[in-house]
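Now, the feature entries from TrEMBL:
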type: DOMAIN; residues: 150-236; note: domain 'CAAX prenyl protease 2/Lysostaphin resistance protein A-like'
type: TRANSMEM; residues: 7-32; note: transmembrane segment
type: TRANSMEM; residues: 61-82; note: transmembrane segment
type: TRANSMEM; residues: 103-127; note: transmembrane segment
type: TRANSMEM; residues: 147-169; note: transmembrane segment
type: TRANSMEM; residues: 181-196; note: transmembrane segment
type: TRANSMEM; residues: 257-274; note: transmembrane segment
Amino acid sequence: MTRPRVWTVVLAFVLMLMALVVGSVIVVNIALGVEAARSGVDIRDSAALAGLMEKVKVLPWLHVVGVMMSSTLALTVALLGGQLSPKPLRERLRLQAGAPLPAWAWGAALVGCFTVGQAMESLAVLTGVWDWTASLKGLQATSQGSFATFAALLFFGSLVAGTAEELFFRGYVQTRLVERWGRTAGIAGAATLFGLMHMDPIHSPMALVMGVFLGWLAERTGSLRLPIFVHILNNGTSFLLSRYAPPAMELPGSVHVTLMVVCSLVFVGTLVALRRMEVQSPEPAVLAGS
């Protein structure tokens, strides 16, 4: 029996990442040119250029374009890869209904995803590494932009990105890796690629952990419907909080300690509940080698 090919999904990821990097470089250079012309900065002056780059990093429209590029690329590659597969598209991308779930499981999965994300954010702030992220700071600044900018970010960053990234990473990539390497390695491999795509020293490890949880949900239910639902609403909630709640760096350390502890406990509780949930699926739940 021929073993499932892994090189095809790795190649798809590499090509997508290369296209994203090239596109980002082009867009950033356009932004630098526009801002240099607007402010009269001489780009031959290294100090002035460095200051201009810091300004460009938090331009709202630049981050919206970045989110649009990454989400549409992931959607395109996932659908193209699924169409080229000998398997039917719905089966290859795991778009079947999957195991029937009780209503509470949808809410519990969403709470689990959001709480683990908040716990990691609070940990990053408390340890001082939050200053290292450009991606998350840029998205927070973009959330404070005009209503049109925020609406575009909410649409592409929540609905499109949540759907596209699940189709590619948990559908196209993870399905193949699990077939070849087994569940634990397959989930971890897809989550690692998901983290790498974010190309940020803080955002990437946070995305990796979230990817493990979303990947486990996909294996637990046998479908992408729950991970897509969770991903969309988690991103949307994060953007809304970035716009209407105080910035993370403005909250006292005691608040972040409380958030980290409470959110960690809630996450463990939701995980235990979801693991104990009975599902009518031929594939039993597996997490961390269990």
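For all residues, glycine too, the Cβ spot is worked out from N, Cα and C.
What you are looking at is a predicted structure, and each value in this text was computed from that prediction instead of being measured.
Only pairs six or more apart in sequence are counted, and the transmembrane segment (257-274) with the transmembrane segment (147-169) gives fewer than three Cβ pairs under 8 Å, not enough to call it a contact.
Remote same-chain partners of the transmembrane segment (7-32), defined as residues 6 or more beyond its termini with a Cβ less than 8 Å from a stretch Cβ, comprise 43, 49, 52-53, 56, 59, 62, 65-66, 69-70, 73-74, 77, 81, 168, 172-173, 176-177, 193, 196-197, 199. Listed by sequence, the residues of this chain that lie at least six past the ends of the transmembrane segment (61-82) yet keep a Cβ under 8 A from its Cβ atoms are 8-9, 12, 15-16, 19-20, 23-24, 27-28, 31, 89, 92-93, 138-139, 141-142, 145, 149, 152-153, 156-157, 160-161, 163-165, 167-169, 171-172, 197.
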